[in-house]
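Copied from TrEMBL, the annotated features are:
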SIGNAL    1-22  signal peptide
DISULFID  Cys31-Cys45  disulfide bond
DOMAIN    59-208  domain 'Cupin type-1'
BINDING   Asn105, His110, Glu115  oxalate binding site
BINDING   His108, His110, Glu115, His154  Mn(2+) binding site
Amino acid sequence: MATSMTHLFVTILLVAAHTAFAETNMLQDLCVADLQGAKVNGYACKDPSQVTPEDFYYIGLAAPADTSNTATGSAVTAGNVEKIPGLNMMGTSMSRIDYAPGGLNPPHLHPRASEAIYVLEGRLFVGFLTTTGKLISKHINKGDVFVFPRALLHFQQNPNNAPASVIAAFDSQNPGTQSVGPSLFGANPPIPDDLLAKAFSVEPQVIQKVKGKFPAKK
C-alpha cells in the first residue's frame with residue numbers, strides 16, 4: 001500500500017511539473033512588452049489594440065558602432081526586448097558586436113542564454129572556459145559560426161589590423177551580461193580589498209590600483 005501511494009505521489013508531482021512547464025509557453029499569438037508596466041520575470045503584455053509594426057522592427061544592427069571611445073576597442077549594440085518589444089515571451093534576441101583593430105570583448109558571461117555568433121567581417125580569436133578550467137578556443141573568419149554555452153565565461157578578440165564585426169544570437173529575450181573585471185572591481189558596495197587580494201594571491205595595493213580602473217557601479 002505504501003509503495004502504491006509513493007508511486008501515486010511521484011506521478012502527481014511529475015504531471016504537475018509537466019503542466020507548469022507547458023504553461024510557460026505562449027497562450028496567445030503575441031505579447032508585446034509594455035516597457036512602462038510592471039516587471040514580473042519579464043514584461044506584461046501591451047494592449048493588443050495598441051500593437052504596431054514598429055514593436056517588431058529595429059534598425060539598430062544595420063550600421064557599425066563607434067569603437068573609438070571604448071577602453072577595450074569593442075562595442076555591443078543590443079537587439080533585445082528593451083529595443084524590440086515584440087520579442088517579449090519569444091525567448092530570442094540578437095546583438096551586433098563591432099571590434100576595432102586589436103579590439104577585445106573582455107571575458108564575460110550571459111546568465112540566461114547560450115550565444116551563437118556569425119562573423120560579418122574580419123577574423124577573430126574566440127573562446128570559452130568550462131567549469132573545469134579547460135579553454136576551448138579557435139580563430140574564426142568571415143562567414144563562420146561559433147557557439148558559447150549558457151553562463152560560461154567567454155571572449156572575442158580581434159588580433160588583426162582591420163575592423164571586425166559579428167551578429168550574435170541568444171536563446172533569451174534578455175540574456176544579461178556580467179563582465180568579470182567591472183563585476184569584481186567595480187562592485188557597489190565594493191568587495192573588500194583583502195578578500196580580493198587573497199582570492200588573486202596579490203597584495204591589497206594591487207587590488208586598489210585595479211579598482212581605480214573600474215569606477216563603482218551606481
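Cβ from N, Cα, C; glycine included.
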Roughly how many Å lie between the Cα atoms of His154 (Mn(2+) binding site) and His110 (oxalate binding site), rounded to a whole value?
9
Rounded inter-Cα distance in Å - Cys31 (disulfide bond), Asn105 (oxalate binding site):
33
For the recorded oxalate site, whose residues are Asn105, His110, Glu115, find every other residue on that chain with a C-beta no more than 8 angstroms from the centre of their C-beta atoms, and list them by sequence position.
Ser95, His108, Leu109, Ile117, Phe148, His154, Ala168, Phe170, Pro175, Thr177
Rank the binding-site residues His108, His110 by the number of other Cβ atoms within 10 Å of each Cβ and report the first-ranked residue.
His110
Count up the helix, strand and coil residues in the domain 'Cupin type-1' (59-208) according to DSSP, in that order.
22 helix, 57 strand, 71 coil
Within 10 Å of the Cβ of Cys45 (disulfide bond), how many other Cβ atoms are there?
17
Most Cβ neighbours inside 10 Å, all chains, among the recorded positions Cys31, Asn105, His154:
Asn105
Additional residues surrounding Mn(2+), by Cβ distance to the His108, His110, Glu115, His154 centre under 8 Å:
Leu109, Ala113, Phe128, Phe148, Leu152, Leu153, Pro175, Thr177
